[in-house]
């Protein structure tokens, strides 16, 4: 087959680890096979014999059941991996697993049997085939009469059904995830002061993120952009970006003077927050719009939806959320309660009840600074954490920790695994997972059968060219992952046929005229030659791969076969198996991941140079992205996460957050009016330390729910998200302040306050 077709498959293993080819396990297999062949559809009108895939008017059967038969003698004379049955050589490597043979290659015992039931693949029979597969699945799910065997099953529809179940089963998890993130965000904005309470600002911050998702998704769906399952990750990214923006705006609002009019407080908030938010938004939007050029259609859709959502998120943050903050500021200016909007006193009164003084008093602020009273966490960063971090000895320790982090990350990068195991696409307790694990365990000796296709016309009767082609085919038998003794060649068989008949197959007319007779004797070879009139337009040969035990070996196998095909000079060769669609992505994934990181880094450098008034700090922000990227990839390997299309998409989602933390801290550092670099760092940490902690914790607590999922995809999402947030936060709060002070980044504020004020207003 050149595609997977419609089929059902099962792997049978003996419950007590006995020989599966002996009774009573064999009797259970025969009984189960009879039940499967008796499955009927269309009101019992059609059985397996009517819906099966046929070759030469006969259903493609499980030859292994015919070989072992029902008598003991035939079972003890089966050779492996090839056995002669009815004058034909039959390959048993894909039908028997865990085989033990003697010196003469005769099977002594086998641990597993794999059976296939191929169905008609024509369009007019597809609905009947689907119905038969449903009955098959129902039978295998309900069949309990298996005293001596353990059965795992798989169908051509199983993989898509498992992917679809991600949507159904994962939807509640994502709802819980969003609920946790939103709840934490709202609770972290609660204040004991009933006037300064920012709970409604948090609610509208979440709402602005929701509006951004609805607006972007609605627009793109309206113009016909396809929605794929990977796009389901996008709303969480937008929620994280929206909450991060909201926390920063709230923090800058709290640093403004309470007694100033609302327009002036809003001007201060936008002056401090808008630039860093613009830097991250512009970088993210450009990054994801460039991602539309990805090799994967699913990534293209994801990047288009995400870029549009970030653009809407930025617009809603600057307008919708800003407008509500202005309204909330007016409420605060008139000293009104956050819930009832009624005016309340600023001081407690002995004439009022104790409950009234607790619930209906508020509006105090710091008389020394004129700003709102800082939260304990902000005071911690200003009075304790920041000064401690700026001590020379602590800086030295931080640098040593960073070097250790970098060394560990690089070590992990050299040990990262590529490729996806098929059972990673299914739930842990799924029948697909059980089937694929058993397939890897018992049938790893023989991998996929690979077609070697000769593209285009060729003169097979030309002895010189034919010899060169045969040499090319022989080259495919050289690698250690190919069994040189197991292959299928119509050309070799035809040449042997010519020798028996004393034919001169170097003559074109003789070569072509005797092909029909040869195909009559060996009808299956007819499928391997595209013969039209007096020309062979294409043909194919088959080789058998061996000892493919994991995804990384599949990658090496495919690369090796492609290299051999490319080295053939006499003809254009192509290697193919319908599973190669999964192997092909592995090489592309690495290139795409590297391209994404390079693009993000370059964009960040350009945007930083344009918007951060210091080239050294811009360079540090760019380097931090590379540092976080190396760290995440390295620790992915140490946390048993492979680099595949799933992790690449999640990584692309998450890497945007690394820009936020470093860019915000760097811009706050450069914009600080403090004269000394250490004071600038403490000032930046005082302003942004708590918002960064809020943003990181709200997202990490949200995705922590996914760590309990039975789907690898969701667990990988949690692991990568956690790594990105934790490592990004570590860079923003620990490494960046130390490196910024070491590089002595500063703006022109010290010498020209007016110029910097203009730059800030820009």
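Any Cβ shown, glycine's included, is placed from N, Cα and C.
Because the structure is a prediction, the values reported are computed rather than measured.
Taken from TrEMBL as is:
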type	residues	note
DOMAIN	170-327	domain 'SSD'
TRANSMEM	171-192	transmembrane segment
TRANSMEM	199-223	transmembrane segment
TRANSMEM	235-253	transmembrane segment
TRANSMEM	273-292	transmembrane segment
TRANSMEM	304-327	transmembrane segment
TRANSMEM	397-417	transmembrane segment
TRANSMEM	443-461	transmembrane segment
TRANSMEM	593-612	transmembrane segment
TRANSMEM	618-639	transmembrane segment
TRANSMEM	646-670	transmembrane segment
TRANSMEM	690-708	transmembrane segment
TRANSMEM	720-740	transmembrane segment
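Within the same chain, residues 405-406, 408-413, 415-417, 597, 600-601, 604-605, 608-609, 612, 647, 651, 654-655, 658-659, 662-663, 666, 719-720, 723-724, 727-728, 731, 735-736, 739-740, 743, 745 sit at least 6 positions outside the transmembrane segment (618-639) and bring their C-beta atoms closer than 8 Å to a C-beta of that stretch. Of the Cβ pairs linking the transmembrane segment (199-223) with the transmembrane segment (304-327) and spaced 6 or more residues apart, 3 or more are under 8 Å, so the two regions touch.
Two recorded stretches are said to be in contact when at least 3 C-beta pairs lie under 8 angstroms, sequence spacing 6 or more; the transmembrane segment (235-253) and the transmembrane segment (397-417) fall short of this definition. Counted over residue pairs separated by six or more positions, the transmembrane segment (720-740) shares at least 3 Cβ pairs under 8 angstroms with the transmembrane segment (397-417), which defines the two as touching. In the predicted structure, the domain 'SSD' (170-327) carries a mean pLDDT of 87.
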